[in-house]
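What TrEMBL records for this protein:
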| type | residues | note |
| --- | --- | --- |
| ACT_SITE | His439 | active site, proton donor/acceptor |
| ACT_SITE | Cys458 | active site, nucleophile |
| COMPBIAS | 65-74 | compositional bias 'Basic and acidic residues' |
| COMPBIAS | 86-102 | compositional bias 'Acidic residues' |
| COMPBIAS | 104-129 | compositional bias 'Basic and acidic residues' |
| COMPBIAS | 146-158 | compositional bias 'Pro residues' |
| COMPBIAS | 159-168 | compositional bias 'Low complexity' |
| DOMAIN | 308-485 | domain 'L,D-TPase catalytic' |
| REGION | 45-175 | region 'Disordered' |
| TRANSMEM | 21-40 | transmembrane segment |
Amino acid sequence: MHHKTLRHRNCSALHGTLGSYALHFSVIAALGCCALLPLMESAQGATPVNPSDVVEGTTTTPSQPEKKPAKQPEEETGLAAHASEIVDDPDIAVDAETDTDSDAAAKEEDTPESKKTDADKAATDKAGTKDAAANNKQSEPEPPPKPETAPKPTPAPAPSTAAASEPDAPIPDKDRAIDFATAGNALRTQAARYRTLTNHWQAIAPGATLKPGDRSPRVAQLRKILQQYGDYIGPPGPLKASDSDHQRFDAGLQLAVESYQRRHGMEVTGRVNKATLRELARPPQELARLLELNAERWDKLPSAPGNRYIFVNVPDYQLQLVDQRKVVLSMKTVVGKSSKRTPEMTTKVVSVVFNPTWTVPRSILLTDLLPKARNNPEAMHKRGYRVVKYGTNTTTPISEKSIESAASGEATLRQISGPGNTLGRVKFVIPNKQSIFLHDTQAQSLFEQHHRAYSHGCIRLQQPEELAYALLGPQGWDRTQVAQATVGDESVTIKVDNPPRLFITYLTAWVDALGRVQFRPDIYHRDQREL
């Protein structure tokens, strides 16, 4: 009897439950399938969505990315086809980011509200009521417009695009060239600051190399000096570290050492070796005088170098192409050694010579090549050297007789164009009396050296084809043409339209675009004589 009662109660409960579920399903059926959506989302913890608020285009569909077709690279020609290949060109990076941001902005501005307005107008004309338009929208969504006929939104440009389009817009610090007009005064300001450090400066005690992980009082001295110079930035407010922590060569101090080495044109190692200790031993008063000396050198340069120019600082082993106050191209250089110094000059790059010949200057002929020609004329002939009489283009093979004519001053040596030419594949002609060129080189390994004073006075370029493309691009040359011009043995000279000015300078200190004081080694020992 007891079991029957339990079964009866269980059956009653089951019928009640099933009845409740049936009631729910009846309600759902009455409301329509749209009621399922808020119920399901509510069960998952999502914010309920009103079905009447759902507008076409607000959810991601497989066809949505097709609204803005991808750019077709094969349609680009000329300079645009190769713009992304420019090496170390900040403008290209900015352009690439601008394109990406513009695409994103276009998608964001293609809002549901704008689509709804167009759809409502069409639906109103067809059905005559706003409700009919809404129903038509939900039941028959419009396909996405074809890319070629879709109205093109006008997105708000990214900050970098706006800055680039305005003539007086600020230039990013990393791209900004040094202002010739204010460079001297910037150095004098820093010289005054360095003089204020004199009474608080103390040299590091002599000793072994300091390296990360070391702990000694000398490390504390190092930290204090680098903090005075601005390379080491300690924690804000009073230092809470103990004396022992001050004496530990930690990661923060290593970064400060690397910053100091980089600013002084040294090999960046993060270790305080003999060379770094020697540089750190220079008192602030001496550095202040050096800053003032270089301020005077800056004052000799024109305050307005022009919109487009090339800047070579010999002790820095760098070339920069500046356009509209931006550094658009930068590369390593090899300059004259101490006995064959690269001279300072202001001139212009008037032409580009592909596959140049090299007429040997008499100074190099007498000191270097003439002894080699006498010792092994056959080897010199294989390297492309010929004897050419002054005032003519007639060349003769190297022999004892022709060599002596060169020795007497009647002739000189000329190296024919080709892959083994000393000037490489590209030469840049700059009018001057010292027979100085900018040119390619066969000795590419020299660019891996930190200090690069190895030439006979000319300036060797790490990326001569890049400079050729930058100069000839405005004349219609593309990268393919530049590359093809360097093939073979035919020498071709191309005049540069609107030739840019070239400044070859000797500066061992300056204030860079970020406001940091930069020092470079006095490779020609000029500072010692002029201080």
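Along the chain as shown, the residues are counted starting at 1.
Glycine residues also receive a Cβ, built from the backbone N, Cα and C atoms like all the rest.
Each residue contributes its Cα atom, and for the residue listed as 'active site, proton donor/acceptor' and Cys458 (active site, nucleophile) those atoms are 8 Å apart. All protein chains shown were included, and the count of other CB atoms within 10 Å of the CB of the residue listed as 'active site, nucleophile' stands at 25. Around the Cβ of His439 (active site, proton donor/acceptor), 23 further Cβ atoms fall within 10 Å across all displayed protein chains.
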